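Following this message is one structure expressed as structure tokens.
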Amino acid sequence: ISMQMGGDLKAVYKRLVNGVNDVEKRIPFSHNDRLGFLTFCPTNLGTTVRASVHIKLPKLAADKARLEEVASKYHLQVRGTRGEHTEAEGGVYDVSNKRRMGLTEYEAVKEMYDG
């Protein structure tokens, strides 16, 4: 929904928040007090925020087990360049926050950034 080249996550996040708020004024989102926002995909319950970056990881890409170990340590999910169920192209991965439930939208984005 909100993408741009470079590393200005603050601008991307601000644009996302503004867009979501505008949509929610017209169409209310389904929300549950215990589960958070409800979606068709159970892995997105909670904040539903999946913040990701495309990043080239040549050394970690050479050792997939190590890549997954590091990602797990920082609560990150690693996907191929074009997303879920794709391969990395040229060592470029889509890296995102893994957790969406039990934290705020800001915390979800920050977790990806910190990782």
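Keep in mind that glycine also has a Cβ here, set from the backbone N, Cα and C atoms.
For Arg50, Ala51, Ser52, Val53, His54, Arg79, Gly80, Thr81, Arg82, Gly83, Glu84, the entry in TrEMBL reads ATP binding site. What TrEMBL records for 1-115 is domain 'Phosphagen kinase C-terminal'.
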So what's the mean pLDDT when you look at the domain 'Phosphagen kinase C-terminal' (1-115)?
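It averages 90.
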Quick one: largest C-alpha distance among Arg50, Ala51, Ser52, Val53, His54, Arg79, Gly80, Thr81, Arg82, Gly83, Glu84, binding ATP per the record, in angstrom?
15
Going by DSSP, how much of the domain 'Phosphagen kinase C-terminal' (1-115) is helix, how much is strand and how much is coil, in residues?
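So the counts come to 45 helix, 23 strand, 47 coil.
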Taking the Cβ of Arg50 (ATP binding site) as the centre, how many other Cβ atoms fall within a 10 Å radius?
18
Relative to the Cβ position of Arg82 (ATP binding site), how many further Cβ atoms are located within 10 Å?
13
Restricting to the same chain and to sequence separations of six or more, state which residues have a Cβ under 8 Å from that of Glu84 (ATP binding site).
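Counting only residues 6 or more apart in sequence, Glu84 (ATP binding site) has no Cβ neighbour under 8 Å.
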